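Quick notes on the structure that follows.
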Amino acid sequence: MPPPATTNLGYTPPDGGWGWVVVLAAFISIGFSYAFPKSLTVYFKEIQEYFGVSYSEIAWVSSVMLATMYAAGPISSILVNRYGSRPVVIVGGFLVGVGMVSASFGTSIVHLYLCVGVIGGFGLAFNLQPALTIIGTYFQAKRPLANGLAMTGSPVVLFTLAPLNQFLFDSFGWRGSFLILGAIVLNCCVAGSLMRPVNKMVVFKPKTEPLEVNGAEEASGAEALRSEDSPKSQSCVHRFIDFSLFKHRGFLIYLVGNIILFFGFFAPVVFLAPYAKHQGIDEYSAAFLLSIFALSDMFIRPATGFIGNTRWIRPKIQYFFAFAVSYNGVCHLLCPLLPGYAGLVVYAVFFGFAFGMLSALLFETLMDLVGAKRFSTAVGLCTIIECGPVLLGPPMSGALVDIFGDYKYMYYTCGVFMLVPGLFFFIMHYFNYRKLEEEKHKEAVGMRTAEDTVHLNIGQKDKSEDEMEK
Amino acid sequence: MSAPCMHPSCLLLLLLVVCRHAHTNLVSVTENTTVTTEPPVETLSPITPPVAPLTPLQTGQKSVVLTGENHTEKVEVVNPVTLNLECVWTGDNKRLPNITGYWTKDGKTIESSYSNTQLQNDRYYLRKEFSIMSEEDLGTYSCIFGPKAKVDFILAAPYLGEMRDKPIVSYVGDSVVMICKMDEKKSKPINWNWYKHNGTSKEKIEVDSPGHRYKITKDEKKTKLVVHNLTESDSGVYFCGAVYGIGTSMGHMQLRVITYFEPLKPFLGILVEVLVLVAVILLYEKTGSKKENQSGPEGNPDQTSNLSHGENAVADGHSGTARQRKV
């Protein structure tokens, strides 16, 4: 009989109930984390003129914010491991609020880098990690769906913030807008207060679904326990960050693939409108392309979560992720071949699907590989390492466009940077699944022999007792 | 320029005329590629003085005649110039051998411009030379064939690049930067000026006005006006003027100066909303958990039965149990 929820969590996640409220809270937190840096670009032109700096200096504000958000991952992980998600998210929301309010009184561009970039970035990091982690504690069977729904926050919040920012700018100028944005972002504190720590005492009736769901996780869970049992001669840092993750096969596959794919992930989004304008399309139609992209992204994320939850996909969800990555690559490779505005619309729709699929599965697959217990640490390590490609990707692509004067080489490069990891994932996870099956088999056999030995011993003991009685 | 002149004074005159034309070749005529107004009517070709490196423009439209139809042509003038405007009309179905045509400036008929045009090569021609010397000479010149066809030439100094149509918002005590730009492709102005509208007219802004609050920087194609220590009276319309040989091209923008209280109101509103929500959520949770504690004793049997259920279910799976307990 297949073992029940071997989640190594020590309890059975509710998979519903308050969990859905937590998904809403995570939706808000994740939405602000990803959409906030992107939406600030509306103010850049005026701030650039006000401080008399070049556009690239002003664009650094967004980059510093994004970089800090990714780099502060491990710190966020430590805090979540220690204190749980709720306090960290509340502090995070408060930090971003404080950052934006103090930026509204800024007197120099460096002031903005520090307030919006560094403080804001920390605040967003303290929102992102805990939101992802808490989903893992509340959901097991419906986790892909919950993840997909939560990640939909990013396009929805971006869609809302963009016109809102424009309206604030027209009414209050950049200073007043930053002040009001500081208040709006405090809603992350509301989201944080909703993130009730899951009740581990009450044991819920486990579902009768065949829980063949943790394909990649089970054996890795066994590994985790073995490593935890190892002597506690670890340093203070080791207690909070689990560096043994670097020996974890699945984690390494994920990390290597992600480092490569992030080089080509964001650049096509950044250059979609400029590419359209370069082809002679007017500004409004080019901006409309981005809206089409955001809409298809918005709808595909929950759909991907739902599909990933089905019993055909869930056990082999790594392949689904590999498919999503490769699909991205194929989209970019085909983009330059599509003619005119109609071609770009088609590309925007399909790219929106690809981007959404990948985003919805990005953290679900990591959870699937390392398990909910180690997820917090794993995601912290991932984000700080991915910091590099995320920041270097768009400028590198920009350099490609400048050198060749044509956007198609950039698209081909991005396509390759996504197709190669996709294929890498397919191959490596095939081997990984096989190895996991082998390990599971060995474990099962090992357990059975251990039980037999126990029975034998008990039997012998009874026999000896009988003999003694006699 | 027909027969070569040998007399020195004649030569001198020729030289002068040539020089004058050479200087005035800064007149650019906007390329008129597709004129697809509804049933397009005439074929027209405005021509500039021969020295300009521009070929006469033929719009090549189909000639379908409709009454009241007209066409508009934008002409950029940078320096004083003698401009030769020509209208060519393919005529109507009457095909009168002679029709009268005349010119107007800004709607007012130029008296001396009445002429009879004859049908040549199946077209009517109207030509006139205009001397554009100063700002008053700019405007809309129209050639009118009989009562029927009309072509408008809009003569103006180069227009400024995109200006922000919504007001610029800034705060009391803060400073603001206003920028005017000329397109890269157009000629650069001789000078830039800034004006403020004070209810009735434009008042020029001098840099050394009392208080040293204004600062004007002028690059070739860009100008910046910085106003420090803003007060609410600084709100209003500001004009930037690009000065050319022929006149000044104006752009305008609006400045709005507000106090910090304006954004503070929505800020406080949202802050209150956040605090209320957080308080409500945490209170709800506290009272919810209190209720659970109160119903503890009764709830226990349920819990224990649940536990036993859970234990049974768990005990069914052999291999998992030991591991789970440990964690």
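Note: Cβ is positioned from N, Cα and C throughout, glycine not excepted.
A TrEMBL annotation is a machine prediction, not a hand-curated record.
Quick caveat, the model's predicted, so the values are computed rather than measured.
In TrEMBL, the feature transmembrane segment is placed on A:375-397, out of the ranges A:145-167, A:375-397. Counting Cβ pairs closer than 8 Å and at least 6 residues apart in sequence, the transmembrane segment (A:319-339) and the transmembrane segment (A:251-273) reach three or more and so form a contact.
Ranked by number of Cβ pairs under 8 Å to the transmembrane segment (A:251-273), the listed stretches A:58-80, A:87-105, A:176-195, A:345-363, A:409-431 are led by A:409-431.
Note on the transmembrane segment (A:375-397): residues 63, 66-67, 69-71, 73-78, 80-81, 125, 128-129, 132-133, 136, 240-242, 245, 251, 254-255, 258-260, 262-268, 270-271, 363, 366-367, 369, 410, 413-414 of its chain, located 6 or more positions outside it, place their CB under 8 angstroms from a CB of the stretch. Only residues 6 or more beyond the boundaries of the transmembrane segment (A:58-80), in the same chain, are considered here, and those with a CB under 8 A from a CB of the stretch are 33, 36-38, 40-41, 44, 47-48, 51, 87-88, 92, 109, 112-113, 116-118, 120-122, 124-126, 128-130, 133, 240-241, 376-377, 379-384, 386-387, 390-391.
Sequence-distant contacts of the transmembrane segment (A:345-363) (same chain, six or more residues past either end, CB-CB distance under 8 Å): 132, 144, 147-148, 151-152, 154-155, 265, 268-269, 272, 289-290, 292-302, 304-305, 308, 317, 320-321, 324-325, 327-328, 331-332, 334-335, 338, 379. Over the domain 'Major facilitator superfamily (MFS) profile' (A:19-433) the predicted model carries a mean pLDDT of 86.
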